[in-house]
């Protein structure tokens, strides 16, 4: 049966949507989705549910009840061709005698890149690459970025008043955004493998940094909570050190006392030391990537956000605009960047919509105006 380009895109978008279901549990693997189509109808759906579990293609094959001979397979990422925790997906595709495989994106992993396509073509299967490319790229951007750069995809998150203040003149920020916005942050944290916060924010707000569902229950998988504290100024009774909400890492320097470090290590906190005077943020990100982090959420405050901006380490951002005005005596989102219009940081706004009584703006970083 002839399938139009519009139908092909429809099927791939369905695969992308399926892949998103695995976004929380799949990392450090990519959240891949797959649909199987025969005679113009979807007969199988699948997505990768977590490390060590069957890949999307296998799940889709297990979901169908018809013969796969002559079927078309739509998958958001190039099928693997190597043995890992699971067998190669290309072997299953070849054995099942499918007619065609539509792939949205090639896998940048050197163990797979173009090799999966080559294996399928050698077996006489028609392969088409690029259908739904933009949709799949938008979904899998953290995975693609981490594989290509060795750094996790860094998302800056902040809440601000309509005039751009992240706290009032007393330094208080709870709460600028509304309740629905705060619930939305729970999902954003769950989709990240690490959440980074600065010492001043911990001292002022005493956050748990846990990822909670709208019901108030913790997500089954919690992000690593990372506290950037060069001198060990965060008190030992801060809620962030509580192991009940997941693992914690202290990113610090030689300025932090051995006694403070030992007390935290005794509680199960991992300690990562950087350069003598201040935490090397790029090295920290490299370390988090080595631990399997694909996406990192930087929650601030302004000093930490500004440090990431100065080093051009921010890839995207989410701003929750609360329905308030605070004047100019609070804390701005960013400090001391020394930028003018002709060398300003340029971003592409990708989404803006209401979340309860707050406005959520999503953006991706493009670069500086001066190139």
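From the backbone N, Cα and C atoms, a Cβ is placed for every residue, glycine too.
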Requested in this report: Name the one residue among 153, 175, 241 that Swiss-Prot lists for the same NADP(+) site as 159, 201, 205, 230, 301, 302, 303, 304, 305, 306, 307.
Outcome: 175
Report task. May I ask you to find which of 41, 89 Swiss-Prot records for the Zn(2+) site already listed with 55, 80? Result -> 89
Query raised in the report: What is the one among the binding-site residues 55, 189, 212 whose Cβ has the most other Cβ atoms less than or equal to 10 Å away?
Result: 55
**Report entry** Confidence summary for the region 'Deaminase' (1-150), mean pLDDT rounded
**Finding:** 91
**Report entry** residue 306 (NADP(+) binding site), number of other Cβ atoms within 10 Å
**Finding:** 17
**Report entry** Max CA-CA distance, Å, over listed substrate-binding residues 173, 189, 209, 212, 299
**Finding:** 19
Report summary line: For the binding-site residues listed (80, 89, 159, 302), most other Cβ atoms within 10 Å of the Cβ sits at 89
Report task. Select the closest residue to residue 201 (NADP(+) binding site) from the following binding-site residues, measuring between CA atoms: 80, 89, 189, 212, 299. Result -> 299
**Report entry** Assigned element (helix, strand, coil) containing residue 212 (substrate binding site), judged by DSSP
**Finding:** strand
